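Worksheet: one structure, shown below.
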Amino acid sequence: MKPSGEDQAALAAGPWEECFQAAVQLALRAGQIIRKALTEEKRVSTKTSAADLVTETDHLVEDLIISELRERFPSHRFIAEEAAASGAKCVLTHSPTWIIDPIDGTCNFVHRFPTVAVSIGFAVRQELEFGVIYHCTEERLYTGRRGRGAFCNGQRLRVSGETDLSKALVLTEIGPKRDPATLKLFLSNMERLLHAKAHGVRVIGSSTLALCHLASGAADAYYQFGLHCWDLAAATVIIREAGGIVIDTSGGPLDLMACRVVAASTREMAMLIAQALQTINYGRDDEK
């Protein structure tokens, strides 16, 4: 018996098509909420440090995304930033798992600096299947699906292909720790790359959007200690599908729970940066 036309369409779309479409629609809905809230007064709290901020909109958006997905996919698991901050464990099992950052760039959001995003990643059997990132203020929808390419508003993304660090624009983020030892290491790593004649090192306040800039070819590399799995999951798929590389700062394979990453347009670039970095210890997401 041949599959029906509807069945053939579903097979062509892939086994997680419904999940992907749900992620896109929820990212767009969340973006509308964030755009409206950006200009309004906010109730701001701190989490692990004075620089680690959370607002009522973070909670509202996360609750919206999880409640909608849980209703549609009741057997799926969830890892989300604010739930983790409230004590939920970050465990990546073989079950279908949603990895969610409701507002990446909360400090930007608090200050009405318009570089903020919603990030929704999806993994099955501990392998990332797709990522959806929505730049709320510029209305740019970044998507990546394993084996099917990466796109921004329907336009295919490609990394720059740069291999020479002396011709590279490198992006990073500071991370939430502000103690003297951590700041010294952060500034030392930046100094090492500048001594290596990188064109520049930029901090934009949103790791997910920085990684999307890498995927689009607007930057050549990214590194960070202290980012979490919800910052990285969706962007990893997008970068890989745009032809880039995402690895651990040791130079080994990416460990999504290790709170550290080097991403680059080429493996040569990634290894050059990994070799230059001093490690800043942030622990692991699955041990907190």
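Every residue number used here counts from 1 along the chain in the order it is shown.
Note that Cβ sites are derived from N, Cα and C of the backbone, with glycine treated the same way.
Mg(2+) 1 binding, as stated in Swiss-Prot, involves ASP101, ILE103; the candidate among GLU81, GLU127 given for that site is GLU81. For the Mg(2+) 2 site, Swiss-Prot records ASP101, ASP104, and the single candidate of ASP231, ASP248, ASP255 listed with them is ASP231. All protein chains shown were included, and the count of other CB atoms within 10 Å of the CB of THR106 (substrate binding site) stands at 24. Across the structure, ASP104 (substrate binding site) and GLU81 (Mg(2+) 1 binding site) are spaced 10 Å apart at their Cα atoms. Taking the Cα atom of each, GLN224 (substrate binding site) and ASP231 (Mg(2+) 2 binding site) are about 11 angstrom apart.
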